């Protein structure tokens, strides 16, 4: 009986091995077929990212137009968007992981494009009735709230699509192929996103400058409505045409069902702490209610994650990077709205944003060269202070009398600083990859993203407090001070690791001056 069982097991293993070999041999589909589905993926992702990047740029212009002398509406929208991402971002990731691909596709594209269409429609109504705020303030407020909520839902839906395509499908489609295939797909997908970030503001700015603001809102709403169907057809074609995605979908459905069964069958834990047994009605003699709550909070996974983060060697670089999110010195909602208020043409703002994105893209080429010569730690130092030096131009623009020149100085300083900013970002990320243990890497990454989103939210809250565009100089000084604090923290970290900051002896001119000033030992 045992021999028969062993023979049956061996036979099953041989069948599985043969099936695996059969699957591995013809894994690569015909080049034309695979190329077609990869192109479908790229085109669908481009359409989705174009909608997201267009709304990201346009919403600031709409808000400053609706409330011309205040950054209040733009700051409120930015705060709602950042807050929703910070709070619901992890939930979106769990939701994407727990559903099958078809449901994720349908919900992602439905909510993203529907919410953007609703937001665009609300903006159109607000722009068509220019005096709605004075004529009917409740309706004006309802449309503003609708725009904010729809925009936040659109951003969360976009996050779901980004996780699905960038973190899942690209990996699944490249399974069984050389690593260069995944590298190429990642590069193309990142290039699509950066191209959308580069070009959509330019196109939108041209429409606003040479047609009208209303035309841009109508174009955006129509684009979101039409492309929803095209995106769904492209992505569902990829899902149906790539067997690896179908097999991955079956595995994730099985994992989801297994987790549900394990959750139902999990044993009920019984507390062994005196005074907490079921049916016990008395109060513990030595522990008050507040102490019990504090004890539970200290043992929660949330507090545990932060404890792990602050115990890392790279906590100072992580905090330094997060502090850079507490700024208005970027082509974000607040600065874009301020430039619009200053009278800078919209297409110029779009071009400036495009130049900024191009400079940031160059950082991915310069960083490997510097890192190979200076090490990751020192590359972070040099890149950070190069960014800080460029931001001095933004600070100097505060004392320039002519508003247009000051605005162009602000844009130039921000655009130039992107090279150092993104190089510093890459340096900190690489330090976390190298120095954080594998068991803590996801926890540290999650806390880092949470900290960055929280500081980004604080920047928008600051914009709500200082909402007059005339007072943007206050936000500029606060942002520059925060950046300076981040630089000091990173410099302290480097000094703590290396016991020095610069190699003065490696600077020939400085070395000669020092030796000329100091007396020789023979003369002493």
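Even glycines carry a Cβ here, placed using N, Cα and C.
As annotated by Swiss-Prot, compositional bias 'Basic and acidic residues' applies to 1-18.
As annotated by Swiss-Prot, region 'Disordered' applies to 1-30.
Annotated transmembrane segment per Swiss-Prot: 70-92 (among others), in sequence order, evidence recorded as sequence analysis.
Annotation source Swiss-Prot lists transmembrane segment at 109-129 (among others).
Annotation source Swiss-Prot lists transmembrane segment at 137-157 (among others), citing sequence analysis.
Annotated transmembrane segment per Swiss-Prot: 191-211 (among others), in sequence order.
Within the chain carrying the transmembrane segment (218-238), a Cβ under 8 angstroms from the stretch's Cβ atoms is held by residues 37, 40-41, 43-44, 47-48, 50-51, 54-55, 58, 102, 105-106, 109-110, 112-114, 116-117, 120-121, 124, 169, 204, 207, 245, all 6 or more beyond its ends. According to Swiss-Prot, the feature transmembrane segment maps to 218-238 (among others).
As annotated by Swiss-Prot, transmembrane segment applies to 314-334 (among others).
Counting only same-chain residues 6+ beyond the ends of the transmembrane segment (347-367), those with a CB under 8 A from a CB of the stretch are 57, 194, 197-199, 201-206, 208-210, 330-331, 336, 339-340, 379, 383, 411, 414-416, 418-423, 426-427. Here Swiss-Prot flags 347-367 (among others) as transmembrane segment, drawing on sequence analysis.
Taken from Swiss-Prot, the feature transmembrane segment covers 380-400 (among others), and the record attributes it to sequence analysis.
Residues or ranges marked as transmembrane segment by Swiss-Prot: 409-429 (among others).
Per Swiss-Prot, the feature transmembrane segment maps to 446-466 (among others). Nonlocal intrachain contacts for the transmembrane segment (446-466), taken as residues 6+ away from its ends with a CB within less than 8 angstroms of a stretch CB, comprise 71-72, 74-76, 78-79, 82-83, 85-86, 89-90, 305-306, 308-309, 318-319, 321-323, 325-328, 333-334, 432, 472, 474-475, 478-479.
Beyond its flanks by at least six residues, the transmembrane segment (472-492) meets 71, 316-317, 319-321, 323-324, 326-329, 334-335, 338, 380-381, 384-385, 387-388, 391, 394-395, 397-398, 410, 424, 459, 462-463, 466, 501 of its own chain at Cβ-Cβ distances under 8 Å. Under the heading transmembrane segment, Swiss-Prot lists 472-492 (among others), citing sequence analysis as support.
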(message) So, taking each listed stretch (70-92, 137-157, 191-211, 314-334) in turn and counting its Cβ pairs to the transmembrane segment (109-129) that are under 8 angstroms, which one gives the highest count?
(response) 137-157
(request) Using a Cβ-Cβ cut-off of under 8 Å, list the residues of the same chain that are 6+ residues beyond the ends of the transmembrane segment (70-92) and lie near it. (result) 59-60, 63-64, 144, 147-149, 151-152, 155-156, 159-160, 163, 332-334, 336-338, 446, 449-450, 453-454, 456-457, 459-464, 466-469, 472
(request) Take the transmembrane segment (137-157) and find every residue of the same chain, 6 or more past its ends, with a Cβ under 8 Å from one of its Cβ atoms. (result) 52, 55, 59, 62, 66, 73, 76-77, 80-81, 84-85, 88-89, 92, 107-109, 111-112, 115-116, 118-119, 122-123, 125-126
